[in-house]
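Features of the protein shown, as given by TrEMBL:
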DOMAIN    33-162  domain 'tRNAHis guanylyltransferase catalytic'
BINDING   56, 57, 58, 59, 60, 61, 102, 103  GTP binding site
BINDING   56, 103  Mg(2+) 2 binding site
BINDING   56, 57, 103  Mg(2+) 1 binding site
DOMAIN    165-281  domain 'Thg1 C-terminal'
């Protein structure tokens with residue numbers, strides 16, 4: 001693109017600024033160096049597959065400690081992650097649904113998406129870069145008194161799922177992982193914070209325990225019913241597109257009147273909405289069938 005700007009600068013003096021046609025004018029130019037393009041690998045995603053981009057925080061255990069995240073869950077961090085994911089979806093409207101927990105988010109692109117000519121590297125770099133820059137940009141909105149000590153990093157991967165059932169099983173896997181990790185972390189940090197165990201002692205205490213054992217520890221020792229913990233912690237966050245009615249105030253001038261009057265106007269907009277619900281069962285997908293509709 002820089003080459004186009006330079007070319008445009010050369011012709012701008014005599015013919016005015018015509019950046020829109022510069023690329024076409026010089027597209028036929030060849031150089032002996034163009035052979036290097038042959039080294040580029042074809043990374044086009046297979047057609048008729050759901051494209052999932054999953055990103056994870058890089059070294060976020062250290063990042064959370066350095067920035068004093070609350071344990072076992074920090075609402076500020078979780079809401080910031082969701083804000084970043086919403087920003088990604090608003091920029092890349094071919095994303096049908098997203099799911100997030102802890103320091104990860106999965107973005108599902110429509111099965112028939114043609115964005116970026118289905119190039120995997122384009123999907124992944126657009127998602128990760130938009131997410132990372134949003135994390136820094138919106139940091140102060142959620143961590144008002146906590147200075148950002150250093151830039152956070154995120155890595156990404158792309159997986160293709162050929163069938164709708166494969167995709168639903170993937171999202172179910174991530175939500176099941178959310179439950180398993182959150183239950184463990186909840187018990188672990190209760191043992192550390194309220195029972196005075198060291199992290200090593202808490203880890204030894206929980207070694208070999210099942211979900212029922214962890215629930216019993218929470219209830220009998222800390223009077224905590226895990227089922228009453230916030231859904232955001234237990235289920236993660238689902239992002240979907242929904243039509244929302246917004247009421248706004250607008251100034252209008254009525255006939256035969258000199259002054260403008262303020263009136264309330266209701267507008268319907270499609271927005272990215274966060275939900276905290278179960279997506280493993282059928283109820284969610286029956287309620288929102290348009291998410292997986294291939295012609296949506």
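Here the Cβ of each residue, glycine as well, is placed from N, Cα and C on the backbone.
Curation plays no part in TrEMBL annotations; they are all automatic predictions.
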Close in space, distant in sequence - residue 60 (GTP binding site), Cβ under 8 Å, 6 or more apart: 103, 152
Counts by DSSP class (helix H/G/I, strand E/B, coil) across the domain 'tRNAHis guanylyltransferase catalytic' (33-162): 56 helix, 31 strand, 43 coil
Winner by Cβ contact number (other Cβ atoms within 10 Å) across the binding-site residues 56, 103: 103
8 Å Cβ shell about 56, 57, 58, 59, 60, 61, 102, 103 centroid, GTP site members excluded: 63, 64, 104, 154
Residue among binding-site residues 58, 61 with least C-beta crowding, 10 angstrom cut-off: 61
GTP binding residues 56, 57, 58, 59, 60, 61, 102, 103: largest Cα-Cα distance, in Å and rounded to whole number: 13
For residue 102 (GTP binding site), nearby residues of its own chain (Cβ under 8 Å, 6 or more apart in sequence): 78, 178, 181
